[in-house]
Amino acid sequence: MRECISIHVGQAGVQIGNACWELYCLEHGIQPDGQMPSDKTIGGGDDSFNTFFSETGAGKHVPRAVFVDLEPSVVDEVRSGTYRQLFHPEQLITGKEDAANNYARGHYTVGKELIDLVLDRIRKLADQCTGLQGFLIFHSFGGGTGSGFTSLLMERLSVDYGKKSKLEFSVYPAPQVSTAVVEPYNSILTTHTTLEHSDCAFMVDNEAIYDICRRNLDIERPSYTNLNRLIGQIVSSITASLRFDGALNVDLTEFQTNLVPYPRIHFPLATYAPVISAEKAYHEQLSVAEITNACFEPANQLVKCDPRHGKYMACCMLYRGDVVPKDVNAAIATIKTKRTIQFVDWCPTGFKVGINYQPPTVVPGGDLAKVQRAVCMLSNTTAIAEAWARLDHKFDLMYAKRAFVHWYVGEGMEEGEFSEAREDLAALEKDYEEVGVDSVDAEGEDEGEEY
C-alpha cells in the first residue's frame, strides 16, 4: 500500500484540511461518522482510498491526518463540527497559547513544547501504514504557527523519516490582502528553514484565489470557506491519482521526478479549470480543449505571476472525469503549435499527463458547478520567482529599519538568522534566473557552476 499522512498546521492548514476531508468523504462515499456503505470488505483491504483512510475492525474509516495548532479555537471547531466523529480525538492536537504571528514563537518557545507530542501521534499513524510513501503538509507562510511550527516539524520529520517524500501546500501571503504585518518575515524565515527539507511545495496565493472566486464564481466578497473549498478541489485533483485507480497513475515520488529539475527549484505553479458557477455551466460546453487552454491563462493560476515572462521547465496535466487520451493529445498538440509557451532549451517540451476516470465531485450547496471533466495543471516555471521577489522586497523594506525584529529576538532567535534567511532567498531567486538562461550562450562562463 502507498499511504500518505496529511498534516494540517495552524489556522490556514486546519481550515484547508476541513475543506479537503469534507471533499474526500464525498468523493469516496464516506459518511461523517466514518461509515462507508459501498465498502463491502471489512478491515484494511487494498482499496485505493486506503492510501488516505485507515479502516478499523468495525468498518469505520479514519483519515490518516493530524491537525495541529498552538491555540485551540480553530481545532475546537473541528471537534464540534459535522465531521467530529470522523477523526480520532488524538489526531486533533492543540496547545494553549498561540504563536501570535511570530515565527520565533512557533519554532522555538511555544512550538518546542508541542513538537514531541505531535511526532508521537505521527509515529502512531505511520505504524499503521504498510508502506508509507510520504507526508502532505498544509500550512500558511504568514502565520506564526504555520511558519514556525511547520519548519520545526519538517526538520524533525527529516530526521525521523529521512527518505519519505514531504510535499507542502503553502498559503502564500497575498500581495494586497494581508492578515499580519510581519508576514514577509515569517515567510522568508520558514522558506529558508524548510527549503532543504521539502521535496515539493505547491503555493497558493490568497489574492489569486479571491480573484478567481470574484471573477469566475461571481462572489462579491469571498469568505475563507469559499477560498478553501476551491483549494480543496485542487488538492483533491492532485491527490486523486493516489486515491482512485487511474488510467495513468501518478504517485508522490512521480510528481517530484517530473516536476523538480533541481532540489531547490521545487515550487510548481498550480492552475485549475474549470472554475465555474452553476448558472454559467448550464450554458457552456466545457470540452477537453477548452479546459486545457484555460490552464494557460494566468487568471486561473493559484499564484500571481506571469508565465509568459518566464520559461517552463516541466508541465504536468492531471485530468479527471470524462476524458480520453485522444482528446488530450489533440488539445496539447494545439497548444504547442499556437501558444507562446517557452520551455527552457535544456528540457524538450514534455507534458506529463495523468487521467482519472472519477469525475470531480462538488460540495452540496457550494459555489462550484458539477462538471463532467476538470484538469489541474502543475507546471514548474521560472515565473514563480516573481512571487519570491515581491516577498523579498517587502522583507527588505521592514528589515532595513529593523522593524518588529525585537519580538523575534525576544523569543530566543538571533538577528543573524534574518540575514541568513534573506541571503538564502536571494540565492533562490538567482537559481531561478540561472535555470532560465539558455545553455548555449552560457556554456563558456558557467563551466565552474555546480549545475
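Note: Cβ is positioned from N, Cα and C throughout, glycine not excepted.
Under the heading GTP binding site, Swiss-Prot lists Gln11, Glu71, Ser140, Gly144, Thr145, Thr179, Asn206, Asn228, citing similarity to another entry as support. Neighbour density for Asn206 (GTP binding site): within 10 A of its CB lie 25 other CB atoms from the protein chains shown.
Long-range Cβ contacts of Lys40 (N6-acetyllysine) within its own chain (separation 6+, distance under 8 Å) are none. The N6-acetyllysine annotation in Swiss-Prot covers Lys40.
Taking Cβ-Cβ distances under 8 Å and a sequence gap of 6 or more within the same chain, the neighbours of Glu71 (GTP binding site) are Thr94, Gly95, Lys96, Glu97, Asp98, Ala99, Thr145. Here Swiss-Prot flags Glu71 as Mg(2+) binding site, drawing on similarity to another entry.
Around Glu254 (active site), taking its Cβ as the centre, 14 other Cβ atoms fall within 10 Å, counting all chains. Look at Swiss-Prot and you will find Glu254 tagged as active site, backed by similarity to another entry.
Under the heading site 'Involved in polymerization', Swiss-Prot lists Tyr451, citing similarity to another entry as support.
Taking the Cβ of Gln11 (GTP binding site) as reference, residues of its chain lying under 8 Å away and at least six apart in sequence are, in sequence order, Asp69, Val74, Ser140, Gly143, Thr145, Gly146. Rounded to the nearest whole angstrom, the C-alpha distance between Asn228 (GTP binding site) and Glu254 (active site) is 26. Straight-line distance linking the Cα atoms of Glu254 (active site) and Asn206 (GTP binding site), rounded to a whole number, equals 27 Å. Long-range Cβ contacts of Thr179 (GTP binding site) within its own chain (separation 6+, distance under 8 Å): Gly142, Gly143, Pro173. Each of the binding-site residues Ser140, Asn228 was scored by the other Cβ atoms within 10 Å of its Cβ; the lowest score goes to Asn228.
Scoring each of the binding-site residues (Gly144, Thr145) by how many neighbouring Cβ atoms lie within 10 Å, the top position goes to Thr145.
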